[in-house]
Structures are given as structure tokens and as C-alpha cells.
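**Student:** Here you go, one structure.
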């Protein structure tokens, strides 16, 4: 059911009503967004150009970095521009579009993190069969499943919001369109829709968390039979993945796996998973991974040599 009611646009209250705070935030978020784009693009470029990073783990990492760029670009550019705007408005269709891509790329990222955990499980627990199980056809299938899963999740979320009657209030106490703030605006009871939205997000999160926890529990049990050097290398790799999981899932669980109500802390938590997590992704995976650091150095050296020749 299309929006046939009298709301044609929504108004964001933003992060803060204070003009000075908004100007400071503009500079901070602009710099952070540039760092997100450059850092994650560097990982994508490094994986694509380095022969030493040809394993499935780095293939999935490059996709994760690409999704991080898309995910933050759904929210942050709009946030930056609104920080200098007196009236922060977004058209009804623009709000639905932002909502769709927010949950689309978020869903893809959740599934990709789950796939990366499965990849580490196979690499550590079934090393002799790793190349057979995680062949390139399987890698493409798993990435395809992530995109399809993200689309299905997001389509369901938007479909539930799409049919709500927005016939009066249009002020969103947030800096982007999301399901929980929007549920406070319709002129009808949203209890059932809210439960369905939580169930949709909860199903994706619970399934992913179950696979993740099972994979890492099996890995930790398996590592007891490894040498100290083997345990160190495996834990170093898994440590990066677990850190990213905590950074992404903890805020997500706080926001989406609870009754459909908004809390004062929601904006700050949202800043964490829309800005901080994409920013930390390249830092975590590059600083904790010797192969990635070496590949980045080789890429930098190669670029410097090309510039000297020119």
C-alpha cells in the first residue's frame, strides 16, 4: 500500500540542536567519512592487486570492506550535509530508500561476517580439505547468498514500514530513517508491525550469531591440539574477526533486538555502528594481519616507483 496520506516529507532533529556543536560535528564526521572511504578502499585495492592475498579469507575481506563503504555512504553523507542545514528534511520516498539500503548493506555485512567465521572454521579444523571445500565456486555462492539474504531482510523491513499510514507527525528524533523512530509516527497501532520487524531482524541476528558462536567454539576446542605457534597464528586471525563481530553485533542487538521503543542513547549507538565500525574495519584487519601489512607496503613501494619513473 503506497503512502496515500498527507505526509510527503520527514524532518530530522539531528544529533544536536546546538549550532556550534553541529559545526564541530560537521568537521569531525567529514574527516571520519574520508578516512572510512580511504581505509576500506585501500584494503580492496590491496587484495585485488596482491598475489599473496589470493586466499578466500582475503576475498571475503575485500567484499566486507566494499560493503562497509556502501553502508556508511547510505548514512554519513546525508548526516554531514544536514549538520549545516537549518531545516533537515527528507522526502518520503527518500526516507524509504535510505531505510532499504541501510538494512540491505547491514544484512549483507552480517552474513559476510558469518561466512568469514565459517571460512576460519574450515581453514583451522579441516586444513587438508580447505581448498576443496572453499573453492572459488563456493566462495562466489556464499557471497551471492549474502547479497540475496541482505535483500530479503531489507525488503521485508521496508514492506512492513511501507504500509503504515503516516498522516500527521513527521518529525524523526534521529539523524537518519530507521524502523524504530518511524514506528512512533503512524496514526495507527504499530504493536503488531513492531513485533514483525523485531522478529525479522531477530531471525537474521539469531541465525548468524548461532553459526558464529558454534564456529568459534569448535575452533577454540580444536586449537587445544595445536602447537603454541599454530595457536598463536590462528588466534591472531580469529581475534580480528571476533573484534569486528563485537563492534557490529553488540550495537545491533541493543537497537534491533528489543521492543519497538526508542531510547536517548540510540543516536550515539547508531553513530558507533554507522561510523566507528566502518572506520575501524581497515585498522583492525591491517594492524593485526602481517600479510595485509606486507601487501600494503609492497603496493605503496610499487606506486612510489611508478611516480618516480613518470
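Backbone N, Cα and C atoms are what each Cβ position is placed from, and that goes for glycine too.
Automatic, uncurated: that is what TrEMBL annotation is.
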**Student:** From 81-99, 100-118, 119-137, which range did TrEMBL mark with transmembrane segment?
**Tutor:** 100-118
**Student:** May I ask you to indicate which of 3-25, 26-48 is given in TrEMBL as transmembrane segment?
**Tutor:** 26-48
**Student:** Tally Cβ pairs under 8 Å between the transmembrane segment (26-48) and each listed stretch (60-80, 100-118, 139-162, 235-257, 269-287), then give the stretch with the top tally.
**Tutor:** 60-80
**Student:** Which listed stretch (60-80, 139-162, 191-223, 235-257, 269-287) has the most C-beta pairs under 8 A with the transmembrane segment (100-118)?
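**Tutor:** If we count Cβ pairs closer than 8 Å to the transmembrane segment (100-118), 139-162 scores highest.
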**Student:** Considering pairs 6 or more residues apart, do the transmembrane segment (60-80) and the transmembrane segment (235-257) have at least three CB pairs under 8 Å?
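**Tutor:** Contact between the transmembrane segment (235-257) and the transmembrane segment (60-80): absent, because fewer than 3 Cβ pairs are under 8 Å.
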